[in-house]
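Below is one structure; the comments refer to it alone.
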Amino acid sequence: MSTQAHFIAGQWTAGLGHDIQSIDPAKKAVIWSAKSASSEQIDLAVKSARQAFLGWSDTTFEERLSIAKRYAQLLTDNKPALALAIAQETGKPLWETATEVAAMIGKIGISEKAYQDRTGTVENPMPVGKAFIRHKPHGVVAVFGPYNFPGHLPNGHIVPALLAGNTIVFKPSDLTPLVAEKMVQLWEQAGLPAGVLNLVQGEVETGKALAAHHDIDGLFFTGSSRTGKLLHEQFAGHPGKILALEMGGNNPLIVKDVKDIDAAVHDIVQSAFVTSGQRCTCARRLFIKNDAQGDALLNRLVEVTKQIKVGQYDDDEQPFMGAMISKQAASGMAKAQAELQQLGGVSLVELQHMDTESGFVSPGIIDVTKIIDSMPDEEHFGPLLKVCRYDDFDAAIDHANNTSFGLSAGFLGDSQEDYQHFFKRIRAGIVNWNRPITGASSAAPFGGIGDSGNHRASAYYAADYCAFPVASVELDKVTLPGTLSPGLTF
Ligand SMILES: NC(=O)C1=CN([C@@H]2O[C@H](COP(=O)(O)OP(=O)(O)OC[C@H]3O[C@@H](n4cnc5c(N)ncnc54)[C@H](O)[C@@H]3O)[C@@H](O)[C@H]2O)C=CC1
Ligand SMILES: O=C(O)CCC(=O)N[C@@H](CCC(=O)O)C(=O)O
């Protein structure tokens, strides 16, 4: 249990807002409770970040990096405890939360390289003097995190933002305050100066108050398109503030002419059901050719899906899927399935809310071929895969593109020509061939088009939105030019 839930100006402090708590969706137990930050505390957090900014941005990159490296070492030392906290708060199995912590550790080295590569200093000789390209931090930035990767995804904004010299006010998802608290404790132990990273906990109103604060220079957001769009509207008229939006998707996967059906089914399952379907990159719509091979593939997919093990995060024999984030999220998926059935979708494997007081759901597959033109273009953030049978490859690609989102997309098929055609036509920020569409690398840019993002890709390209470029022409003493402009006499 936590009462000192907020970290402001280097001090852990109790909230002055209302009661908030975090519930383990698998064991149905309250694992964290506190009071949210009041608007005065949010203001104090921004002020403390502002006060710390000059000192922090004056440090050298190497000084900032050495703190980040100590943090990476502390993540390594605390890996089992942090992996357990993520599992308790999200329901994700321990095998998966261990990979989340590993991704957090890997982020430091990758962000170091990305900082140098994308925002380092470039020096060019000129006939007189030298030209430089350098980068400066924005100032005070707010970081908003989602619940599905409560460590890795906010970490993916925080690490590059700190390395670039920004100071931060971090507002995690209200569903995962415990993980946020543990992360910030590790930064504190790593020796981050007071005020450089502040933590304010709370629900939507905390987010709204922080986003609306006049003295933030930017906001780095990972979460739903609905919230991202609200933030985008809120930032309208503030061209000077940097807004990076990493949002959801309605991601398509097309299968055509594969020899190894099991391998294709594996990539589909990994794309649709990992993390109980709670990844922004998860496949939501699967297009399968309307032929005998397509029938065989779909039958096998149904068979394998029915055998997917769903279970407790700490089961000795680890499940593939744990609980969803909350019982509300789980019942929301059952409701989404019922709505699709109502529209004419036919369940091939029915998603079940296994215990209505918990977040446990089994994976579902629904045939939406008959309603493909009329079903809503929505991200159903859970393990429900919509299948559409197609006769014509180009028509399948058109359907795949028929979404306002554009995050990830994949093609499973043995023909390189087909893949090249797919690649040319498909509109998404992540396009894979014969690989799952989840599990994107931190060493590549990560972002989407349309309602999936605002062209400020994260991961390797996060360095770009953490600093602004400064172009300089420099000469070490004032010198009269050799050739004067016409009409000037000296
Ligand atoms: N593109 C990407 O990199 C990723 C996107 N996501 C997306 O995130 C979503 C799931 O995460 P959630 O936590 O449900 O997202 P969410 O949008 O509900 O919440 C994200 C953050 O915004 C805050 N927030 C919510 N409403 C707000 C408002 N009106 N004003 C200010 N702040 C507000 C929340 O408290 C939280 O900290 C999915 O849509 C998923 O696709 C998740 C992971 C990666
Ligand atoms: O942000 C990074 O470092 C790389 C992107 C990443 O880790 N993507 C993961 C999780 C994204 C999500 O929450 O849905 C993935 O593609 O599986």
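Backbone N, Cα and C atoms are what each Cβ position is placed from, and that goes for glycine too.
Residues or ranges marked as active site in TrEMBL: E246, C280. Per TrEMBL, NAD(+) binding site is recorded for G223, S224, S225, R226, T227, G228. Taken from TrEMBL, the feature domain 'Aldehyde dehydrogenase' covers 12-464.
Here the features listed in TrEMBL are placed on the structure.
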{"residue": "G223", "record": "NAD(+) binding site", "CB count, 10 Å": "21"}
{"residue": "S224", "record": "NAD(+) binding site", "CB count, 10 Å": "16"}
{"residue": "S225", "record": "NAD(+) binding site", "CB count, 10 Å": "24"}
{"residue": "R226", "record": "NAD(+) binding site", "CB count, 10 Å": "11"}
{"residue": "T227", "record": "NAD(+) binding site", "CB count, 10 Å": "20"}
{"residue": "G228", "record": "NAD(+) binding site", "CB count, 10 Å": "23"}
{"residue": "E246", "record": "active site", "CB count, 10 Å": "28"}
{"residue": "C280", "record": "active site", "CB count, 10 Å": "29"}
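DSSP assigns T227 (NAD(+) binding site) to a helical segment in the three-state reduction. Averaged across the domain 'Aldehyde dehydrogenase' (12-464), the predicted model reaches a pLDDT of 98. Between the CA atoms of G223 (NAD(+) binding site) and E246 (active site) there is a gap of 6 Å.
With a cut-off of under 6 Å between the Cβ and any atom of ligand 2, the recorded positions S224, R226, G228, C280 reduce to C280.
In this structure, the recorded positions that sit close to ligand 1, with a C-beta under 6 angstroms from any of its atoms, are G223, C280, chosen from G223, G228, C280. Only S224, E246, of the recorded positions S224, R226, T227, E246, have a C-alpha within 10 angstroms of the C-alpha of C280 (active site). Among the binding-site residues S224, S225, R226, G228, the ones whose Cα sits within 10 Å of the Cα of E246 (active site) are S224, S225, G228.
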